[in-house]
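As written in Swiss-Prot, here are the features:
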BINDING   Asn131, Ile132, Pro429, Thr432  K(+) binding site
BINDING   Gly433, Ile434, Tyr589  chloride 1 binding site
CARBOHYD  Asn312  N-linked glycosylation site
CARBOHYD  Asn331  N-linked glycosylation site
CARBOHYD  Asn360  N-linked glycosylation site
MOD_RES   Ser30  phosphoserine
MOD_RES   Ser33  phosphoserine
MOD_RES   Ser50  phosphoserine
MOD_RES   Ser62  phosphoserine
REGION    1-51  region 'Disordered'
TRANSMEM  120-142  transmembrane segment
TRANSMEM  150-172  transmembrane segment
TRANSMEM  197-225  transmembrane segment
TRANSMEM  250-271  transmembrane segment
TRANSMEM  272-300  transmembrane segment
TRANSMEM  420-440  transmembrane segment
TRANSMEM  451-473  transmembrane segment
TRANSMEM  505-531  transmembrane segment
TRANSMEM  555-573  transmembrane segment
TRANSMEM  574-598  transmembrane segment
TRANSMEM  613-635  transmembrane segment
TRANSMEM  636-651  transmembrane segment
Amino acid sequence: MPTNFTVVPVEARADGAGDEAAERTEEPGSPESADPACPTPGDGNPRENSPFINNVEVERESYFEGKNMALFEEEMDSNPMVSSLLNKLANYTNLSQGVVEHEEDEDSRRREIKAPRMGTFIGVYLPCLQNILGVILFLRLTWIVGAAGVLESFLIVAMCCTCTMLTAISMSAIATNGVVPAGGSYYMISRSLGPEFGGAVGLCFYLGTTFAGAMYILGTIEIFLTYISPSAAIFQAETADGEAAALLNNMRVYGSCALALMAVVVFVGVKYVNKLALVFLACVVLSILAIYAGVIKTAFAPPDIPVCLLGNRTLANRNFDTCAKMQVVSNGTVTTALWRLFCNGSSLGASCDEYFVQNNVTEIQGIPGVASGVFLDNLWSTYSDKGAFVEKKGVSSVPVSEESRPGGLPYVLTDIMTYFTMLVGIYFPSVTGIMAGSNRSGDLKDAQKSIPTGTILAIVTTSFIYLSCIVLFGACIEGVVLRDKFGEALQGNLVIGMLAWPSPWVIVIGSFFSTCGAGLQSLTGAPRLLQAIARDGIIPFLQVFGHGKANGEPTWALLLTALICETGILIASLDSVAPILSMFFLMCYMFVNLACAVQTLLRTPNWRPRFKFYHWTLSFLGMSLCLALMFICSWYYALFAMLIAGCIYKYIEYRGAEKEWGDGIRGLSLNAARYALLRVEHGPPHTKNWRPQVLVMLNLDSEQCVKHPRLLSFTSQLKAGKGLTIVGSVLEGTYLDKHVEAQRAEENIRSLMSAEKMKGFCQLVVSSNLRDGASHLIQSAGLGGMKHNTVLMAWPEAWKQADNPFSWKNFVDTVRDTTAAHQALLVAKNIDLFPQNQERFSDGNIDVWWIVHDGGMLMLLPFLLRQHKVWRKCRMRIFTVAQVDDNSIQMKKDLQMFLYHLRISAEVEVVEMVENDISAFTYEKTLMMEQRSQMLKQMQLSKNEREREAQLIHDRNTASHTVATARTEAPPTPDKVQMTWTKEKLIAEKHRNKDTGTSGFKDLFSLKPDQSNVRRMHTAVKLNGVVLNKSQDAQLVLLNMPGPPKSRQGDENYMEFLEVLTEGLNRVLLVRGGGREVITIYS
């Protein structure tokens, strides 16, 4: 159950309270609690393991020797300079499928992978083409057209192609939402939907691929035994009724032998399978070209392919050569071989079949050609029962009373019952294979570009081929020939082969090798898919299949794949196996669409697909179409497949899938109450799911009204109604005395939140002092997994003129608290200049100054802001700083590549900072800062005098900066500092504070600035000048916020550094990461 711990002070502290709820306060004279030698938690940077970016356990004393970036030098051990990091960020390497996930292996050495090299055409388009075009096109498409007619066949193909196109659009969005490591479709589904759905759908996809192998092998054997070498059959039918059983037994024997041979080939030399892939693809392309060439030829020279009809019944052209009952030979009439098949003798008086006697024998052309007008006859469907005669529509026939169908007669009969939904199930496997390109994602040069382009082009190409073939088959081939599945009326030839030109053998041999190659590809891909699932460890009993040979080949997975494939071969019927794999592929495609729809509707910050032509409605339509096709194909198969997936899902959930992949289903947990809170309780969210859950620290005035209402406006623009927002504030006092004021303050805050249309929670704390109250909020706001990870506060504008000289300590300690809590910190400077929600920026830039890498928040925040209509038209520009030794040209290329992988559109500029000498102005500014600090520490002035001295030094500071920017050379450092107090007053102060020593104030006039402070001031001045030069007119500037000093003695100097760093800018957002990665290039 959710637990909260709050650190509270053990001893009473003499800390007072300032006027700001977000500022730390301390009474004058209170002892410094921090030992410089022993920094407390919150100093510097957090130390936490992955996914936190800081993993360095050894302090590096002199990491950075230069002067330009001295302001950030205490953080260099955890937040490296961008210039040193860009090359690693841009030039990523894909991880091979099955290795430990990149998000779980961030601290270990990456496995070296060969650089990808394939482009869109070779890597995606051709593999998809090869996998989509296959056995159904050559063996069943003509039969589907004959049974369903051109119109319904067109509808079947259009539905299936629409389903795959919608799925490809969803898959393209997922594939372009980050780097897709090798692992392809399984990786995309599992990382988008979580381990439960990922495991269930992954296994369904594996089973579909395995049964596809069985279907291809059965297709190979059917081509071999039916069209290449019928005499090779082992089992021979003694009667006509036994032919079907004999064929099935032959398929089982030859199929098992072919499977064993292919499994050995895959086990011994998978590289040869890959090398032969182009050969198999060439066979497919040549076969299709031969079909189109044959269609063109029929327009002017149709082939002479006679088909014999008895009445309106089609006759199988076997055991007779003349389509006639009698023929004239030597001026005499004799019976033909056809007569002897229907009669019990060759004489004219022999007893014959009644239908044979009553009806005439006619001969028609099987392929009359495009211009024959047969298209209209084939327009409508002709469904039939099993064992029905294949009859020609429109031909007269004399019915007979004998309805029995005696065996041995050479009729062409239907082998199975045909109807629309059954044909959908048989046809759908012919459009699968759209994920062949994504499965090769690890071998592509640019997967984000190649996968959408290649896959969609392949679907368009194959859809055109299928749809055109349906129309052309209906226009060229006689209906009875189309419905003749095995070409019995054509002397056992392949129907589509008889249409092809120049020879039927082009189709026969081409289809044989293409189906053989497709079977090898399935037996190659399925074991690797199972190996990836096993190595993920989400299904414990499958983990043994994650092991293999020394080179990583999945030996055990191949063995299981062969056994499952054998069950499909024992079914022995291609028409029975096709609906099974249709179920598994449809379920896989359905969840791809679901993944895209969920991610789009959740609008997680990591959902930034580079492919823009998607919409959740398209994904939902694709998901609905997949589900509908599952039940159209076979409702009982659909229920069985869903039952298998459901059992796997519950098993993974029961065993506890302790995998965190940053999936969309986890994001839904935040919208459910108790159950969801318990689910998101375990550990921090994955980098892909990270979004700013903001705690807004508000300041209240004496009337309990919000001082900076635009801070809430900015929060609503940043959040856009998504995620968690907690608005917090602190009242000083005891709850018994302040509960009325607390209620009034909470009502004021809620009304302001309502006015800003901001959805969130209000949490107000009454504490004895503001310092502890703010610390309580940072520690304990939220519940369980609904806790903030980011603190947003306004910059204390009046930190120099506050009533309490130590009011700035409240701010610095807040920075330390957020760092210790591993929370990000956003500080809005000049918050009253920020836009309200009603304002619109019609132009302008959001400038990001990326100095050090502290998790990537600087990249994520502008992206989130630009989702809001206030900032939508602003352009994003990213600046980074190059030192003398850096290659700025290469840095720019690397940064552009990194942003490309992040799917963020932004202009990139690398600014070179020359390491020049420290200017006199910087030296003077540092001296003034230290003099002010020493004065406030060593002299206990009255309130008015202290304000007067602080203001004087601030005015001289500002004036000297104005002179320095107006002239090329800054004025020299003054010899002394003018004071407004008298000598007598000074002596009285000294006698009153003898414990402070008499030498401290004398040293004030001869003070030399500390070299470390000079270098830090130099950094602040130089960066400020560079930022002003580039971004003075920007609508918003985002800057890395340097961490507070590890020694608390320099806190007041830290405030001065930040003031100088941001001087002259209108709207500034200082960003300090929480010590963990918040943005990733991965999907």
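Just so you know, glycine gets a Cβ as well, placed from its N, Cα and C.
Secondary structure at Asn312 (N-linked glycosylation site), as computed by DSSP, is coil.
The highest tally of CB pairs under 8 A with the transmembrane segment (555-573), across 120-142, 197-225, 636-651, is held by 197-225.
Looking at which of 120-142, 150-172, 420-440 has the most CB pairs under 8 Å to the transmembrane segment (613-635), the answer is the stretch 150-172. The Cβ of Gly433 (chloride 1 binding site) has Cys128, Gln130, Asn131, Ile132, Gly134 as same-chain neighbours under 8 Å, each 6 or more residues away in sequence. Within 8 A of the CB centroid of the chloride 1 site residues Gly433, Ile434, Tyr589, the other residues of that chain are Asn131, Ile132, Thr164, Thr167, Ala168, Val431, Thr432, Met435, Ala436, Phe585. Nearest by CA distance to Ile434 (chloride 1 binding site), out of the glycosylation sites Asn312, Asn331, Asn360, is Asn312. With respect to Cβ pairs under 8 Å, the transmembrane segment (272-300) is most closely packed against 505-531, considering the stretches 150-172, 197-225, 451-473, 505-531, 574-598. When each of 197-225, 250-271, 420-440, 505-531, 636-651 is checked for Cβ pairs under 8 Å to the transmembrane segment (150-172), 420-440 comes out on top. Checked against Tyr589 (chloride 1 binding site), the glycosylation sites Asn312, Asn331, Asn360 differ in C-alpha distance, with Asn312 being the nearest. Among the recorded positions Asn331, Asn360, Pro429, Thr432, the ones whose Cα sits within 10 Å of the Cα of Asn312 (N-linked glycosylation site) are Asn360, in sequence order. The two recorded residues, Thr432 (K(+) binding site) and Asn360 (N-linked glycosylation site), show a Cα separation of 46 Å. Taking only the Cα positions, the spacing between Asn331 (N-linked glycosylation site) and Asn360 (N-linked glycosylation site) is 22 angstrom. Same-chain neighbours of the K(+) site beyond Asn131, Ile132, Pro429, Thr432, judged by a C-beta within 8 angstroms of the site's C-beta center, are, in sequence order, Gly134, Ala212, Ser430, Val431, Gly433, Ile434, Phe585. The Cβ of Tyr589 (chloride 1 binding site) has 34 other Cβ atoms within 10 Å, all protein chains considered.
The recorded positions considered are Asn131, Asn312, Asn331, Asn360, Thr432; of these, Asn331 has the fewest other C-beta atoms within 10 angstroms of its C-beta.
Taking CA atoms as the reference points, Asn360 (N-linked glycosylation site) and Pro429 (K(+) binding site) are 41 Å apart. Largest Cα-Cα distance over the residues recorded as binding chloride 1, namely Gly433, Ile434, Tyr589, equals 11 Å.
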